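Trainee: Input: one structure, supplied below.
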Amino acid sequence: MSPPLVIKNGTVVNEDGMFKADVLVKNGIIVEVSPKIIALPEMEIIDATDRLVIPGGIDPHTHMQMPYAGEVTKDDFLRGTQAAVAGGTTMIIDFCCPDHRNGESLMAGYARWRSWADPKVCCDYGLSVAITQWRPETADQMAVITSPEFGVNSFKFYMAYEGTLMVRDDEMYRAMQECAKLRALARVHAENGSVIKEREIDLLAKGVTGPEGHTQSRPEEIEAEATNRACVLAAQANCPVYIVHVMTKGAAAAISHHRAQGSIVFGEPIAAGLALDGSHYYNEDWLHAARYVMSPPLSRDPTTPELLMKLLAAGELHLTGTDNCTYDGCQKSLGKGNFTKIPNGINGVEDRMSVVWEKGVHSGIIDPMRYVSITSATAAKIFNIYPKKGRIAVGSDADIVIFNPNATRTISAETHHHNLDFNIFEGIKCHGVAEITISRGRIVWANGQLQTVPGSGKFVPLLANSPFVFSSHEIREKKKEPRIVERLE
């Protein structure tokens, strides 16, 4: 157990306020937040003068060590969480994808992910489970895995990757009905996989084989249409829905429309979509272009990143993730001659906190309190771990970042901590640097050096029925009860 720790002279930032205060940590928990805490000899002292003391980031969207199509993502749970803490993130929510098509149950897939993660993680983590096929036993398995014993409160549905991960509309609707019963959140990758497949065939037949084919096979309307459809299906099932990696204006507009109709919809843009655009797919260097291949692709509209940040500021979008899913140059090169074979995925877990500060706070679009909301607090609320996570307060876990808003760093693959030979943010200069990262009261990053211990992070059960998501569910359910007309025979 780490010694007691006192953070002196900093400015505490929560989603609802900023104030000067010291912070005392004992046994991994914040035990006091007040001015001028007296440091005792046995305490470790951190001087946070001119620094912000913020909740550790929560990245709600990662794919560490994920097997897919014969490849495995390069960031395993060790390197991925090392990269996370180096950037100021102290918890990830990773996606577990059971091999449904070979008969693997949700529980068996969950156990496989836990066996990979538990010995390696350097920060806390939770799991979200993908449902890629509906079977007669799926509903029962969903009920089991949302129990406190397993601690899963969300399920992911892919509307893309036909033949592997994609679910049909009827399967997703049936699963959303079960989510509603279990008070579990539906999370959706919104694309039209059937149309994409046909467009891929057409493009290849016309000789389009390079990475530019990836974005051409996925027009922005495809994401907008699927986002709207996911929201419609969720509304019919009375199921709150969370749209992952919102990349385009049309998808964001669909979310805003359904929220205006009273639906419970959350939108998650990612660091890549807030900083980059799709011009990279047309780079003359094949490998450069391939490195940016992800789904949905980056927007071809260069004004989209700023608009997404403004929608975060306005509350029309709600939190930020990364979709950290790393494949190196050799893996990307498997798609030479056929863009559909390029593994989809990019980095982000290390750079999200700086990128969001640069594009949001330093650009004058959001304030530091909104920054905390979209990088940690809202995720903690959605996944039912607030205020244990996502807040600097007595009783909260001591997941804390000493953040220097005035420092700068230039992102580079030469200095990052990913197990990756490139960085999609290469050369971007960011204001806002996580100088010290504290996980459960233990310093894991300081002075530009990792101080991590594999396995020191813990699995955090994510319990169903988050009040932030489901507090109005029963009332909504009653309003949706069918009407029966009594008629004289």
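The backbone N, Cα and C atoms fix where each Cβ goes, glycine too.
The shown structure was predicted, so the numbers you read here are calculated from the model rather than taken from an experiment.
Quick paste from Swiss-Prot:
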BINDING   His61, His63, Lys156, Asp323  Zn(2+) 1 binding site
BINDING   Lys156, His189, His245  Zn(2+) 2 binding site
MOD_RES   Lys156  N6-carboxylysine
BINDING   Tyr161, Ser295, Asn344  substrate binding site
Trainee: Could you round the CA separation between His245 (Zn(2+) 2 binding site) and Asn344 (substrate binding site) to a whole angstrom and send it over?
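Mentor: The separation of the Cα atoms works out to 13 Å.
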Trainee: What does DSSP say about His63 (Zn(2+) 1 binding site): helix, strand or coil?
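Mentor: Its secondary structure by DSSP: coil.
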Trainee: Quick one: pull the CA-CA distance for His61 (Zn(2+) 1 binding site) versus Asn344 (substrate binding site), whole Å only.
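Mentor: Computed Cα spacing between His61 (Zn(2+) 1 binding site) and Asn344 (substrate binding site) is 15 Å.
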Trainee: Nearest to His63 (Zn(2+) 1 binding site) by Cα, among Tyr161, His189, Ser295, Asn344 (binding-site residues)?
Mentor: Asn344
Trainee: Rounded to a whole number, how many Å is the Cα of Tyr161 (substrate binding site) away from the Cα of His189 (Zn(2+) 2 binding site)?
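Mentor: A Cα-Cα distance of 10 Å.
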Trainee: Just checking the binding-site residues Ser295, Asp323, Asn344: which sit within 10 A of His189 (Zn(2+) 2 binding site), CA to CA?
Mentor: Ser295
Trainee: Taking only the Cα atoms, work out how far Lys156 (Zn(2+) 1 binding site) lies from Ser295 (substrate binding site), in Å, as a whole number.
Mentor: 15
Trainee: Near Ser295 (substrate binding site), which residues of its own chain have a C-beta under 8 A away, given they sit six or more steps off in sequence?
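Mentor: When sequence neighbours closer than 6 are ignored, Ser295 (substrate binding site) has Ala160, Tyr161, His189, Glu191, His214, Arg218, Asn344 within Cβ distance under 8 Å.
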Trainee: Using only the Cα atoms of Tyr161, Ser295, Asn344, which the record gives as binding substrate, return the largest interatomic distance in Å, rounded to a whole number.
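Mentor: Per the listed residues, the maximum Cα distance equals 10 Å.
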